[in-house]
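Working notes, beginning with the structure itself.
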Amino acid sequence: MARAALWNVNCVARVLRMTGVVLVAIGAAGYLLPTGAVHWTALIPAILGVLALAASFARNAFVAAALGAVLCVVALTGGGSALPQVPALLAGEAGAAIASRAATALVAMLALAGMGWALAFGRRSV
């Protein structure tokens, strides 16, 4: 039983660590790649990524998943408005800010699904 619980924590932590790394990359790209002046708010995905990395070190899988879910809700709140503009983004008609917000929202949705899967799969094995 302890082995299943340990695996469960590690799986949630892996999802949060991957989410954190991807969000830091999105934030860094959104701040460093566009030409011209960029506002500091382009770093918000990177800040959320650092917080996700910190949450991945929680000892309890449910605490880590709850912290990750709160971070994902914050990311979806900020980036969700860019999701309807994904077709324009794929056509090359949207800017870097919309690309960053849409990518952040998509990563948040994938992270929520991954954490839910990790918790459900870990619970079944207990």
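Including glycine, each Cβ sits where the backbone N, Cα and C put it.
Remember, TrEMBL labels are computer predictions, not curated facts.
Here the structure is a predicted model, which means the values were calculated and not measured.
If you look up TrEMBL, you'll see 12-31, 37-55, 62-83, 103-122 marked as transmembrane segment.
By the count of Cβ pairs under 8 Å, the stretch nearest in packing to the transmembrane segment (12-31) among 37-55, 62-83, 103-122 is 37-55.
Taking Cβ pairs closer than 8 Å, the transmembrane segment (103-122) reaches residues 4-5, 7-8, 11-12, 14-16, 18-19, 22-23, 26, 44-45, 48, 52, 61-62, 65, 68-69, 71-73, 75-76, 78-80, 82-83 in its own chain, all 6 or more past its ends.
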